[in-house]
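Chemist: What follows is a single structure, and I will ask about it in a moment.
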Amino acid sequence: MNSIKKHDLATLGACAVLFAIVQTLLFVDFIGPFWELNIILILINVILSVSLNLINGYTGQFSIGHAGFLAVGAYTGAIITVKLGLPFELALVVGTLCSALLGFLIGLPTLRLNGDYLAIATLGLGEIIRICILNIEYVGGASGLMGIPRFTTFAWAFWITVFIIFVIKNFKNSAPGRCCLAIRENEIAAETMGIDTTKYKVMAFTIGAGFAGTAGVLFAHYFYIAHPASFTFMRSFDILTMVVLGGLGSMTGAITGAVLLTAISAVLAEYPEWRMVIYSLTLIILMINRPQGLFGSKELSLKMFRLGGSDNGRATESK
Amino acid sequence: MKSMTKVLSMMCAGLLMASVFAGCGGEKKAGDTIKVGADIDLTGGSASYGKSAQNGIKLAFDQVNAKGGVLGKKMELVVADNKSEAAEATNAMQKLVAQDKVVAVIGPNLSSAVIASTAVNTGAKVLVISPMGTNPNVTVDKDGKTKDFMFRACFIDPFQGTVMAAFAKDTLKAKKVAILIDNSSDYSKGLAQFFETAFVKGGGTIVAKESYLQKDTDFKATLTKIKATNPDMIYVPGYYQEVGMIVKQAREMGLTVPMAGGDGWDSAKLPEIAGKSALNKTFFSSLYSAEDKSELNKNFVAAYKKAYNETPDVFAALAYDSAMLIVNSIKTANSADSVKIKDALAKTAGFNGVAGSVTFDPQHNPVKSAFIIEYKDGAQAFNTKINP
């Protein structure tokens, strides 16, 4: 127990160092506005992929409606700051809660489905949310909600991302998290052991949806606009791709997937004609060579880089 | 297995490092070229618009460079894809202004994308011309104040109503006009309102004002009412789906007077729905016609066909004009400084483009020529160009 806490503190320290480095580089203008934008986009995508990983990777439920929750968060957050003139902090909280509430309400009936059926239900859900927004004049309808102030800074995005990763990591290691893992491994066996499968599935789904909402608030307050076209099912697939590429069920995998795909897309902005081709080729090659994703369901940690594979070296890690 | 993971994670790390360095080291100094960016939709829902726009801009710069460039420098085009999406347009705009250090940007085509990316280029003091952003908010903010660095090359939608009123009065010699409005569309209402104002001001009368909704299929009752008022012309500023059925049913009922509308009529589907003969004596207003007989346009169409083997559409023409407007302003300002170009562009008057002459009003909307196109046996034929 003590060593775990120590490990967490060390990680937090490493995060603070990373934050200080990037913040300094931003401050002295070594990282220009274009890369600043993409770093924030990476952080938002990390939140999305980690939260989807909780549903798809840990609990084993195939959800592809994540863009819908992103949209709910983006629009609720924008309504709070633009229409009601309330502070950004409140927008983050309300955006998260609204998304989570919707996730809960939707999760109750749909999570009784599984496999392909759940995928189709969540896909439909994402589209329903988008079409609803498209037809609500209050939030701008098809032309989108404009004039959103830019409140999202690197500091906000970074620490929220760290916080969410921390929460999901701890959730996975908690009793409900273990129940989720059990459901993923074998739902019938889990039920036989007395686990209320629906309860834990809905719990994971609600948390995942809520954090997608947080990402939405950050997204809308960085890009000045919440527009229905940003939340199509292609967006859901993008997030799913990040998770699957990194390795379903691996937190570090989801993070790496998000960082890698967003960075590739940004680097290739120079070659608009080839962008999608190279992007797709990367995916195909990676999937052929690593069908289980970059990390499979393993976690990347410093001990992986040790030669000889010392298996119980965690406590001695000092860095 | 483990070593494989290790190798792959190393590769990822390497790729990331490379990408960061590529990003940071990518700042080239402006040498003997003037860089202009294009933030356009090369993939996604409106990819065909972006492709045409890219062709138009490229052609413009090639022609300028063939004549020796501007201020002794060559024009260089930097293209960034915005995937037909507002957030991506912001991303692309950021790349163009921060990384490529362009002096001006052409695009995006979609109004929502332009409005989303405005903050970026305004912050960097780089001017933007949107070839096809028709929403009034592209160039003015919510309080009606003009956005300093935003321009557009097209006229805003309602202006078409004004143009058609002039055409009805002067060319068709209409005195009594009936209007049929699509009540579910702002576009239609705006056109109708401007048409009415201009037509009444010119001494005409509106004898009937009826409305319908999108997806309606039977217009006979409404048309009977209109027929009873005996109009000289019927103005239907709707979209081709309903317009096709309205024209068809009107002709079946013996209403043979001319009918007219806006660019919502511009579709290859219209002759299929209405029938070729029913469409005779119908007219619509448009931003551009490839059949315009002006010397400038004939040369443009010929050059475009030679380069790309297709007839230029409205997106290509307006993007070409946008590029030429920027070149013209650089010449006038005698400088490649973005703020000076912007000031020169705002003062542009009587600029001759392939889609007609352009003069910017205080809201940065061009006061410009419009084209009237006539349907003849199902084919579009250029009728007149109406100058402001």
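Just so you know, the numbers here start at 1 and follow the chain as drawn.
Cβ coordinates are placed from backbone N, Cα and C, and glycine is handled just like the others.
What TrEMBL says about a protein is an automatic prediction, not a curated fact.
The transmembrane segment feature in TrEMBL is assigned to A:12-31, A:37-55, A:67-86, A:92-111, A:118-136, A:148-168, A:202-224, A:244-269.
I'm curious about the neighbourhood of these features; can you describe it?
Modeler: Through the fold, the transmembrane segment (A:118-136) approaches residues 61-69, 71-72, 75, 102, 106, 110-111, 142, 228, 231-233, 236 of its own chain, all at least 6 residues removed from its boundaries and within a Cβ separation under 8 Å.
When Cβ-Cβ distances below 8 Å are used as the criterion, the transmembrane segment (A:148-168) is approached by residues 8, 12, 15, 19, 22-23, 26, 36, 39-40, 43-44, 46-47, 50-51, 53-54, 78, 81-82, 88, 91-92, 207, 211, 214, 218-226, 251, 255 of the same chain, each at least six residues removed from its ends.
Counting residues 6+ beyond its ends, the transmembrane segment (A:202-224) has Cβ neighbours under 8 Å at 37, 40-41, 43-45, 47-48, 50-52, 54-55, 58-59, 61, 63, 66, 69-78, 81, 88, 91-92, 95-100, 102-104, 106-108, 111, 145-152, 156-157, 160, 164, 167-168, 171, 176, 180, 230 in the same chain.
Through the fold, the transmembrane segment (A:244-269) approaches residues 34-35, 38, 41-42, 45-46, 48-50, 52-53, 56-58, 165, 168-169, 172, 184, 238, 275, 278-279, 282-283, 286-287, 292-301 of its own chain, all at least 6 residues removed from its boundaries and within a Cβ separation under 8 Å.
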Chemist: Can you name the far-off residues of the same chain, 6+ from the ends of the transmembrane segment (A:37-55), with a Cβ under 8 Å from a Cβ of it?
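Modeler: For the transmembrane segment (A:37-55), the nonlocal Cβ contacts are 22, 31, 61, 63, 66, 70, 152, 154, 157-158, 160-161, 164-165, 168, 171-172, 180, 204-205, 207-212, 214-215, 218-219, 222, 238-240, 242-243, 246, 248-251, 253-255, 257-259, 261-263, 266.
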Chemist: How about long-range neighbours of the transmembrane segment (A:12-31): same chain, 6 or more residues beyond its ends, C-beta under 8 Å?
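Modeler: For the transmembrane segment (A:12-31), the sequence-distant neighbours (Cβ-Cβ under 8 Å, at least 6 residues beyond its ends) are 39, 154-155, 158-159, 162, 319.
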